Amino acid sequence: MAVWGNVANVLGSPVFLGLCAALLALLLLATPRRCPGFPPGPPALPLLGNLLQLSMKDPMPDLEKIAHRYGNVYSLFLGRRPVVMLHGLLAVREALVTRAADFAGRPQGLMVNHVTDSKGLIMADYGSVWKEHRRFALNTMRNFGLGKVTMEQRILGETAFICSHLEKHCGAPVNPQELIHSAASNIICSILFGARYEYEDEVLTFIINSFKENAEVANGAWAVIYDTLPWLRRLPLPFQKVFRNYDALKKLTRGIVAEHKLTRTLGEPRDVIDCYLEEMEKRGSVSSSLEEERLVMLLLDLHFAGTDTSSNTLLTALLYLTTYRDAQVLCQQEIDAVLGERPHVSYDDRHQMPFVMATIHEIQRLANIAPLGVFHATTRGTTLMGYHIPQGTLVITNLTSVLFEESQWEHPRDFYPTHFLNSRGQFVKPEAFLAFSAGPRVCLGEALARMELFLILVTLLRQFQFVWPKGSSKPDLRPVFGGIQAPKPYHLEAHPRQYLKDTTCSEMVQDRRGELRDGAGQARGVPRWCRTGEESSEMVQAGKCRTGKESAGATTVIHTRGALFRRLNIHWQIPFFQRKASVRGWIPEETMRKCSPWTFLPIMFSLFTAAGLWVVYFIAVEDEKITPLSSEYKGSGHKPPPYISIAGNSPPASCVFSQVMNMAAFVGFILGVLRYLQLKPRMLKPWMNMGSLVALSLACFGMTLVGNFQLTNDEELHNVGTSMTFGLGTLFCWVQSVITVKVNLRNEGRRAGIPRFLLSGAVTICMLLYFLLMAQRLHMHAARTQWALVMFFLTFLASFAVEFRHYHFEIVCTDDQDPPLSLSETFSEVSEYQSDQL
């Protein structure tokens, strides 16, 4: 009582009450408030604002929900900093176009400002310095061939290196990430530095890795912490890596500038650096903001923006075109029809390739490279859609909401190139396509990016067929969220295409059956599966369908531009892909068939068998027929130890036990047969496969003996069944582990081989311990080891789900007059089908 009295005295003291009042006042002062007329938004917390209401991994769904509640113009607080969010085309267009000057500023005090010392071009605030440098950058890039033949030559020259690299790895899985990043970096390097680097060059590798590391930090939570909690900026946290990388990049760039100052020739600029240095000398240091340090930051800004955005869009394009093979084939047909025998594509050819242009723009829309754009700030107090926004307010344009707005796009979440085609098959660009933003702050490299995307993609599609490697899992089309989004890493295979050089497009016509015919009407023997969409990646890899003008996924073969446009006008009103509910659109048939109903058979077998055995155990424990596993065995005069056989020895547990063991034996035998048929076409030494099936079959027979002959009925036969189950089951595990690694079915051996060896070792150790502990009369430990042995064995059988996902059903409809298939014929066809699938 004395203690509680002291506590009451402290709580009631004036000092404590004063501290509580002061703390409450501080919290109220630290809670951000909206000014009158400011856009509405969710309530904010002291110090943190609305940060806890947003997912750091991907805040876009959270922003969507807030917009639905508060409207297309709403506000948030990042810490104590107010932010106005613009959602949808109307709000974004009014801010960036109608009131362009009011929203042309850039926010200050963020990490990106401190890294660049506010001297770069991208994050420079709106004013005379920014205008002068943007004008210089546009004029210089235009003088160096932007939109001219010279720029085409730079891009096509770099594309040749990409093609050469893919040819060296023809037919093998390739990760295109480093290749595309290096190529995009080299293109911008040729403009900025007048130099090209080999893909293995240390300088190029260092630049790309530094940009990548900076992007990872900038796209994560540490950048948000830096921007919202200023008192943490001095601590050695991960965002310090960005400053170290940028210092190293600035040092490297200064060295390149110094080299140019020594080697340049007046009046003969080689690149952007020479042009800037020459312009500095012309204008002088008094009347111009051009200076060497701003040149360094300008070069880094242009290099970063010209590398990451273009390369990530190209990687997304390869991802989508490899997934949606029909679109890839239609693009190749249009490219072949337009280019004919010409060696290179020209940027002017885009006007004759509406479907290619529509596909590229649809990929840009879905890639959504800059989901929140580059942040803006108001240059003066202004109004937007009835709300007052003070000067200097941070404004974020949610470009994702525009590119996926349901009122602007027919199928906003689907891959649907028709978004950019009118009813006559002509390319059109909707107003809601704001992949490069809009207004005076529109992306500086828009023209270069468009040229890069068109020339590189057309060249690659003309020379290669892109397919997924055998055994690859379903591609994940969802990008990694960030200031600049990137697709998840993936591997693909590039197979060279073979052109029909002996016949021109004008000499070919198409009949209703989709057969390729020349001018005389003679069939040229197009394979049936090239027309029906049944082509598989294995056939492409075998070189059977590599003609550049044959359809590898469309319903018919199209060879002339007129036929292509007729197809577009008639059939593009509905998707020509098989529709499937997903996050991003259509899933082709070859992707949908990656998973099979047989996948669940091993898993359900193991789960139901384990559940049945544990039901038997709990029934026996409830009836006090055995000692619980958690207790200690007290000798022969008490309840017997909890061996599985003893648990299922007496009714009612014995009834359940016999049913569980019989069902497990039957389904286990089916698993063995299916596994045998799956491996049969791949096994060079069939005796291992057959031996594995025999071992499992005898082990399953042992299960029936264990289940039907309890210890009290026939102990000798019961023990024979136990020995068969454990001994031959262990042998089956080891044989299958070896087969898994040797066959490496669809590259699954690397995934399942090591776990199966570990499980086989666990089964073997448990079996040896079981017999050893029984001999030593340590019955409780022996019983526990027996239960562990059975669980490990069931887990091993469940692992077959990894390979069984490649099993597929096939339903065949025949006339009543056809004789029914016999059982042997049915199994023969199943074996042949599995051989084709493998």
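Just so it is clear, glycine is given a Cβ too, placed from its N, Cα and C backbone atoms.
If you check TrEMBL, you get these features:
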BINDING   Cys443  heme binding site
DOMAIN    598-806  domain 'CWH43-like N-terminal'
TRANSMEM  600-620  transmembrane segment
TRANSMEM  656-677  transmembrane segment
TRANSMEM  689-711  transmembrane segment
TRANSMEM  723-745  transmembrane segment
TRANSMEM  757-775  transmembrane segment
TRANSMEM  787-804  transmembrane segment
The transmembrane segment (787-804) touching the transmembrane segment (723-745) per 3+ Cβ pairs under 8 Å rule:
yes
Counting Cβ pairs under 8 Å to the transmembrane segment (600-620), which of 656-677, 689-711, 757-775, 787-804 comes out on top?
656-677
What else in the chain is close to the transmembrane segment (787-804), if you only count residues 6 or more beyond its ends and a Cβ gap under 8 Å?
596, 598-603, 605-607, 609-610, 613, 629, 642, 644, 668, 671, 674-675, 678, 726, 729-730, 733, 736, 745-746, 748, 751-752, 755-756, 759-760, 762-763, 766-767, 770
Predicted model, mean pLDDT over the domain 'CWH43-like N-terminal' (598-806):
83
